[in-house]
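Written out below as structure tokens is the structure these notes cover.
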Ligand SMILES: C[S@@+](CC[C@H](N)C(=O)[O-])C[C@H]1O[C@@H](n2cnc3c(N)ncnc32)[C@H](O)[C@@H]1O
């Protein structure tokens, strides 16, 4: 016996807001909220629910009675299928409005934060082609469009080089043109695919775990350098070198051509040997005369221009006079630490990834910075009383944790040592709000500034300055 379809249909609903995870919001006649993925605030739609929870529904707009004036025609041909730029159909100013609203909402509702005057969110000058790093996956089972399926034809070309279909680990959407990374990113990706097909180099099959080509990573930098890394699963030296030579010949502007042979189950390269085939094994990014060496495994903020803005705000909020001992928690490759170093007495960076700390030390040395020190380890284990005794009591803590926010022991440790000022940089204002609530007894939020690093998505960065009460 088939399961009863519990999905509901609602007609003529006005979409009233956009909320968490980028979904738009309407109210059902029973008063519950409906989260809708394919509508913009201001649209009037019929909705088919796809999921029912105690407090809300999830659904899809099936018919549009009228379109919102917040809509814009998405420039990308892959828009409706690709999960990458979910807000491409919304005018950029409105994207910014909803991002700012989300941050304020989280800080006030989840963090119970008493907010100072909120300055407007800092939008990105470039709203397309702003990313400096993209990763594409190869697959021999390309995602088929509705038209292809309905045509009933036998489809021979199933090779794809592109992005995972949201929620489907084994299906890749073939990408012809992506609007996220500047040239020659699209050219390189399309040529790599064409060369591989022409020379019969097999694409990866996720289910059967076979095939040669696995992933392609392209990194570009503001200095004009380009890194290309091809990850192979099975290896065939002759074919591998043929492909790499074709790419090098076609794109002489590539300054770093590398590869990995990775026959393990997952395709992360962090525990793999990266082999440099042509050029250098790194590229450089530059900011205010500081140079940051980036290798294939290095973390670097993916929107370089907005990262510069974010770091300037962070430095400004830190209010340094040259006398302060600063801790830069979750320092990554030490970019913030080096960016503020000339304004502080000393900066101490802590980070879990050993390679990042190695880069941080090397970059600081190459930049002639002598007042930074970097330490590796899990924050809650490294950032202890003994560490403070050894390295000194911080006047200012800058913290830039991953999406999960700070571990509660790290927050407790900050409360234990009570620095005068904290600058909290966050890519997830919900976890930031949770941590601010824990700090509230001792700290007052004096400044807050949202920064848009990822136009066309619902993601937003937020910087908060906290002063001791
Ligand atoms: C958002 S990034 C910040 C990077 C850096 N501030 C920047 O702007 O380039 C967060 C960093 O926290 C590190 N991290 C994550 N969990 C950690 C932990 N438990 N202990 C220490 N570092 C951690 C990550 O490796 C990553 O480099």
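FYI, residue positions are counted from 1 along the chain as it appears here.
A Cβ is built for glycine as well, from the same backbone N, Cα and C atoms used for every other residue.
When averaged over the domain 'TRAM' (1-63), pLDDT in the model lands at 90. According to TrEMBL, the domain 'TRAM' annotation covers 1-63.
A C-beta separation below 8 Å, combined with a sequence spacing of at least six in one chain, links residue 351 (S-adenosyl-L-methionine binding site) to 330, 331, 332, 334, 357, 360, 374, 375, 376. Residues annotated as S-adenosyl-L-methionine binding site in TrEMBL: 301, 330, 351, 400.
Counting only same-chain residues at least 6 apart in sequence, those with a Cβ under 8 Å from the Cβ of residue 427 (active site) are 402, 403, 453, 459, 460, 461. Feature annotation from TrEMBL assigns active site to 427.
Look at TrEMBL and you will find 427 tagged as active site, nucleophile. Taken residue by residue with DSSP, residue 427 (active site) is part of neither helix nor strand, so it is coil.
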For residue 400 (S-adenosyl-L-methionine binding site), what is the secondary structure by DSSP, using just helix, strand and coil?
coil
Quick check: which same-chain residues outside 301, 330, 351, 400 lie with their CB within 8 A of the centre of the S-adenosyl-L-methionine site CB atoms?
299, 328, 331, 332, 335, 336, 401, 425
Which same-chain residues, if any, lie at least 6 apart from residue 400 (S-adenosyl-L-methionine binding site) yet have Cβ under 8 Å of it:
314, 328, 329, 330, 331, 332, 336, 424, 425, 426
With an 8 Å cut-off on Cβ-Cβ distance and a minimum sequence separation of at least 6, pull the same-chain contacts of residue 301 (S-adenosyl-L-methionine binding site), or say none.
307, 310, 335, 453
